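Encoded as structure tokens, here's the structure I'll be asking about.
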Amino acid sequence: MMKHVLNKCLMGESLSVQEAEQVMEQIMSGRATASQVASLITMMRVRGETAEEILGFAKGMRAYARKFPAVIEGTIDTCGTGGDGLGTFNISTASALVLASLGVPVAKHGNRSVSSKSGSADVLEELGINIQASVEEACQMLETTNLCFLFAPLYHQSMRHVAGPRKEIGFRTIFNLLGPLTNPAGARYQLLGVYDEAAALKMGEALRQLGSEHSLLVTGADGLDECAIHGDTHVVEVKDGRCETYRFSPDDVGLPLGNLADIQVDTPAESAALIRAIFSGDGPQAAKNIVALNAGAALYACGNASHIAEGVHYASKAIESKRVFRYLQSLQQQGRGIKHA
């Protein structure tokens, strides 16, 4: 089958959802060779992956994922594609802490850094959160603390078959888009950061067909894979079986413009230090505001706010009152941390 698909892609043709799902089954089962995988994802990248191909690959990847038994109503994931090259701190991870402190169940799906300076796993480890929790431990954490981290390599072990080709070719491929679409806990609410508006549209269509309840796919100014504080944010909103697009600025939700430089870091340790500063009452205002902005958008996505501006208000109050900082400390005091905040 792989030879047929490769020839089809060589001719510039795209794959149907069914074909893409079958190809992913070949890849996940280890039946496709490394050279076949590299050739396929390179041709798809050059041509441009379609929404149907993204959907089929996501279905195939979900079928091979380790199942997460706990299903808590209203669970959300704050996840991004990475790859924006802007070197910002882990905004979606900080936003997840805000949400959990407010009682929203968050199943944070992520990995160590691949294309960024600090992956979600890297910064959580610095903050003292257990990233290597077993499935049972993660379930318990979600139920008792509202937050668990689903370390991608533990749940998507079949992805080992593409690790070599991805590393060797070194550029973004369809696999960069799949992580946010394959949350093991089946989170039907998402705030999903995407580095490119066109990719966000395709991923939004895939999420719609995968049964997302309500998701916001956001692309900030300069391709930031978060809601931006330094410019406008493009949104693909998936809700009620439809995809809609719009833009908004920080001013539209009651926040001033901030400087990109105030939210950039070089290492996971710097990212963790900035997150601690934000929640303890220090840190640049732009950093506080971008966390409130993204947490506010997530509160809207999971139905805990009637619009983004209202969510920003709730998130800002949680940060300013140090509710989030106390929550972070409580995670460690309960023995689930490995460092002190």
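Yeah, the Cβs are placed from backbone N, Cα and C, and that goes for glycine too.
Grabbed the feature section from Swiss-Prot, which reads as follows:
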BINDING   Gly80, 83-84, Thr88, 90-93, 108-116, Ser120  5-phospho-alpha-D-ribose 1-diphosphate binding site
BINDING   Gly80, Asn111  anthranilate 1 binding site
BINDING   Ser92, Glu226  Mg(2+) 1 binding site
BINDING   Arg166  anthranilate 2 binding site
BINDING   Asp225, Glu226  Mg(2+) 2 binding site
Validating a neighbour-count step here. Other CB atoms within 10 A of the CB of Asn111 (anthranilate 1 binding site): how many?
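19, counting other Cβ atoms within 10 Å of Asn111 (anthranilate 1 binding site).
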Non-local Cβ contacts of His109 (5-phospho-alpha-D-ribose 1-diphosphate binding site) (under 8 Å, 6 or more apart, same chain)?
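Residues satisfying the criterion: Asp77, Cys79, Leu150, Ala152, Tyr155, Gly179, Pro180, Thr182, Asn183, Pro184, Ala185, Ala187.
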Considering Cα atoms only, can you say which of Gly80, Ser92, Asp225, Glu226 is the nearest neighbour of Asn111 (anthranilate 1 binding site) among these binding-site residues?
Gly80
For Thr88 (5-phospho-alpha-D-ribose 1-diphosphate binding site), what residues in its own chain, 6 or more apart in sequence, show a Cβ-Cβ distance under 8 Å?
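Residues satisfying the criterion: Leu224, Glu226, Leu260, Ile263, Gln264, Val265.
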In sequence order, what residues of the same chain, 6+ apart, have a Cβ less than 8 Å from the Cβ of the residue listed as 'anthranilate 2 binding site'?
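Sequence-distant Cβ neighbours: Ile41, Thr173, Phe175.
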Given the binding-site residues Gly80, Ser92, Arg112, state which is nearest to Asp225 (Mg(2+) 2 binding site) when distance is taken between Cα atoms.
Gly80
Can you give me the same-chain residues 6 or more apart in sequence from Arg112 (5-phospho-alpha-D-ribose 1-diphosphate binding site) with a CB-CB distance under 8 Å?
Gly119, Ala121, Asp122
Identify, in sequence order, the residues in the chain of Ser92 (5-phospho-alpha-D-ribose 1-diphosphate binding site) that are 6 or more apart from it along the sequence and have a CB within less than 8 Å of its CB; answer 'none' if there are none.
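Within the chain, Ser92 (5-phospho-alpha-D-ribose 1-diphosphate binding site) has Cβ neighbours under 8 Å at Thr78, Cys79, Gly80, Ser120, Leu191, Gly193, Glu226, Asn294.
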